[in-house]
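Quick notes on the structure that follows.
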Amino acid sequence: MTPTILLLNLSLCFAALTALCLSLNRHHTEVFQSKPSARRILLLRVLGWTGIGLSLTVAGVAEGWNFGPVQWIGTLTGAAVALVLLLSYRPRLIGQACGATIALAVAVSAMLQFA
Amino acid sequence: MKGSFRQSMAWLHTWAGLVVGWVLFAVFVTGTASYYRADISRWMRPELTKVSPLTHAELPAAAERAVAYLEKHASEARTWFIGLPHGDEPVLDLFWRIRPGAPPGHVILDARTGAEMALRKTMAGDFLYRFHFELHLPPIWGRWIVGICAMIMLVALISGIITHKRIFSDFFTFRRDKAPRRSFLDAHNVTGVLALPYHLMITYTGIVTLSMMYMPWGVTTAYRGDSQAYFSEAGFVTKSRPVANRPAPPAPIGPMVERALATFPERLGRVSIAHHGDAHATVIAAFEEPHGLSHEHPQIAFDGVTGAVLEVVNGGLKPAAKTFSTMVGLHEAHFAGPTLRLLFFLCGVMGSAMVATGLVLWTLARLPKANERPFFGLRLVQALNIASVAGLPAAVATYFLANRLLPPDLAGRSDWEIRAFFAAWIAAALIPLARPHRRAWSEMLGLVAGLCLAVVLADIATVETHPLRRLGAGEALFLWFDGALLAMACLFAVAVRKVARYQAPSRAERSREAPRPSAAVRSSERPAPLHAAPPPLAAAEPERA
Amino acid sequence: MSTSKGSAGTGLVERAGIFARIVLATGGGYAVAALATALLSVTLPLERSEAVTTATLLSFAILAGVVVLVFALHSVPRAAGILFGAILVMGLGLWLAAGPGLFVGGAP
């Protein structure tokens, strides 16, 4: 269970869950003060589920298909808790946090690529 | 039942959750702490940090010393268990069983001399671990009670999922600024739903770990009740050998340990010796699990008289047995490295929070109206809620505190630590009865925060090798253990602030001024179940995920 | 249970019904799960130890399912009927599959 993969998965899950969360009227309004358009909802959901699928693949490939799913569910839960706390205390920061986690995920994968 | 499927499930969820909630909270908290059982044990025996670890080559001689001690002090025992020294516990940890029902003997020896160690006597992390599934009752009783509660928990989880209408659209919703009942419902949902895979897994696998006790009927019919035959046929353990009742000189243990060490790369955790001195004496070397989800200890059985290898058990489980041991492995999470372990711990904390918020919700949904008296059941549940949700953490903190403050050479010291645990729990349950309800919550939560802080101070004051006293030198364990306790103190301090700052619902305010419970009559009118009526805020929103 | 309409709802009949459901769910549920475990242990086309393990692992899901069923059904007699029917059928099956071995003493 390498911390690098865990970090990658945590940030991927966080970004994916943020997309899914923002595809809901209530949370989109909390963060952007407006309801999302139908196209935007679709886009966010596709992105979100893709991210979740991607993180499962990463976990399975990197940790094996017995450990991977366990670790994946763990990171999904951890990321969801962080998101819910942020959403209820600092909803305006959601956008930045999502950007930061995507950047982190890209950086970690680049590091893994060249390391 | 009357009403829709969902309504009857809401009823089931409410009452199933209530009747076992207090026990479940204790099981969840002590179980969550047990993810760090080894660390707790090491923290509670600070003397051990001064002992240097043993090398592989020293183990056979250490085992010989253990046998010499046991021959002298436990010759009448049927089975000896020798915990061999390893990194975090560089000592010989000996247990022996004389007969079923009698308490086992236990001693810790210096692995290099074979003499009893001058350690403070404590059950350490094992107390919390055993409490998790035995509640400090006679094992049979404790295990059945915990098993029944876990089964009801499983039912409460299933009925809770059915009850929760908007499981996807409310997935991320935690409205902390709304009325207490609403934010407690949100908190209950969020802690329940976000960690739902964990909750289902931990409940089912928990029951499975003791399944052969709860559901022995498969063994009864297929094996005529011979569970040893089942376990060895399934490949979990080596075959058991009946006692021969003929004495025979035992072979030395050292060569067997040496041979075992050369067979598997995993750490040799424990050597057990059954019927020492009998012609059928058996020595079993049990190793730690190899890296994997499944809970499979490689084992080697030796003939205790000749020293020959009788049997080697190493993986190769068939599908069902593999599923079984994977479930047990998932429950114990021995495979989890530091980060994953932290996530498991977090999930355990969420489980505890789910149970606690569920218990409080029951009372919030039943607060009496302005002109009513609180009925007896409400007062009872309120009292039990404080007693478990604040009382148990207070008891655990007191247990740690007692470990640091009781004199090291006190007679029956480890019993006194446990007495301190229960005394604190009883006090934390009784004091709130004499206090107004809301204030009692703040006071007790504040008490827990204070106790956690006191443990940290006592630790720094009494442990000479504490890193804070040696500017960075010393064992890091103390640093992060104290850090975790400080985090707990902060968490409970925040809870105190929340309780104090909550816009008190007017109904709750009145109930404080209501007469004592003895004068109260049981209200025959019950409020509607919380889940049956959708709250206006949620109902106003048309969207679905 | 929607009893919010007043004390008339929580009549003696309803309480007796709830009590009956609790008895059925716990006693009946455990009986069904135990019989299913015993029956599956001797009838599953697997090795003996595998059959026992499979049956035992499944038994708690069966128990939970029975409890949910007992509380979901509208009528108590119907729930009781289903449970007793299941117990009867499985009891008979068990007797046919393992009965002679169980009661006479030969290995099943």
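Keep in mind that glycine also has a Cβ here, set from the backbone N, Cα and C atoms.
Database features (TrEMBL):
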| type | residues | note |
| --- | --- | --- |
| REGION | B:504-545 | region 'Disordered' |
| TRANSMEM | B:12-36 | transmembrane segment |
| TRANSMEM | B:141-163 | transmembrane segment |
| TRANSMEM | B:184-207 | transmembrane segment |
| TRANSMEM | B:342-364 | transmembrane segment |
| TRANSMEM | B:376-396 | transmembrane segment |
| TRANSMEM | B:416-433 | transmembrane segment |
| TRANSMEM | B:445-465 | transmembrane segment |
| TRANSMEM | B:477-496 | transmembrane segment |
Stretch with greatest number of CB pairs under 8 Å, the transmembrane segment (B:141-163) reference, B:12-36, B:184-207, B:376-396, B:445-465, B:477-496 candidates: B:12-36
Interface-richest range of B:12-36, B:184-207, B:416-433, B:477-496 toward the transmembrane segment (B:445-465), CB pairs under 8 Å: B:477-496
Contact set, same chain, for the transmembrane segment (B:12-36): CB under 8 Å, 6 or more residues outside the stretch: 125, 128-129, 131-133, 135, 145-146, 148-150, 152-153, 155-156, 159-160, 163, 202, 206, 333, 336, 341, 344-345, 348-349, 351-352, 355-356, 358-359, 362, 381, 384-385, 387-389, 392-393, 396, 529-531
Contacting positions for the transmembrane segment (B:416-433) when only residues 6+ beyond its ends and CB under 8 Å are counted: 122-123, 127, 136, 383-384, 386-387, 390-392, 394-399, 401-403, 406, 410, 440-441, 443-444, 447, 451
